[in-house]
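K.L.:
Please find one structure pasted underneath; my questions will follow.
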Amino acid sequence: MTQSVPAIFLDRDGTVNVDHGYVHEIDNFQFIDGVIDACRELKEMGFALVLVTNQSGIARGMFTEEQFLSLTEWMDWSLADRGVDLDGIYFCPHHPDGSVAEFSETCECRKPLPGMLLQAQNELNIDMAASYMVGDKIEDMQAALAANIGTKVLVRTGKPVTAEGEAAADWVLNSLADLPKAIKARYK
């Protein structure tokens, strides 16, 4: 059996890109400063990069799954063009109060539940204890806890950081851009 690898699990909106609210078009997608360089450095450090994102706008009828997939393909290519290959992309299109019947449900994949993270663990052979979850909301931290991810990192680039969010996180950083330096400092 191949050796498991550590991963950086990344929330999307507010962590990788500026959260303009239900981002689903290329014209509205803006990488947060320093994120691409940080992702490249994290890959060089031996981490798998795994995107895990709730996309309730699909269930709410704000955009289609096809629109989301088109934007995701563009984002993936944009990162690859800059030397960053994502190892996995997982998304939850569901919401219990959705207006699109096929996606209006309570599921196991929507954060704070750990479904997407556990699916990635199984498919990519991830060492969860050596991994990091990076997100801008308490739900990201709760999903990481439920999936037994070693380090929960809350970033200030998205939703306002709450006391509950800080308490649920192991680290609070200004941005994903600060993560490589923080990890290196941990192992000095």
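Cβ coordinates are placed from backbone N, Cα and C, and glycine is handled just like the others.
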K.L.:
Given Swiss-Prot annotates D11, R12, D13, D19, H20, G21, Y22, T53, N54, Q55, S56, R110, K111 as substrate-binding, which of K137, K152 belongs to that site as well?
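P.N.:
It is K137, as the record lists it for that site.
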K.L.:
Can you figure out which of D11, D13, R110, D136 (the recorded positions) comes closest in space to S56 (substrate binding site), comparing Cα atoms?
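P.N.:
Going through D11, D13, R110, D136 one by one, the closest to S56 (substrate binding site) is R110.
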K.L.:
Helix, strand or coil for D11 (Mg(2+) binding site)? Use DSSP.
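P.N.:
DSSP assigns D11 (Mg(2+) binding site) to coil.
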K.L.:
Between the Cα atoms of D11 (Mg(2+) binding site) and T53 (site 'Stabilizes the phosphoryl group'), find the distance and write it as a whole number of Å.
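P.N.:
It is 5 Å, counting Cα to Cα.
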K.L.:
Radius 10 Å, atoms counted are CB only; among the recorded positions T53, N54, S56, which position scores highest?
P.N.:
N54
K.L.:
Suppose we draw a 10 Å sphere around the Cβ of K111 (substrate binding site). How many other Cβ atoms does it contain, all chains included?
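P.N.:
Here the count is 25.
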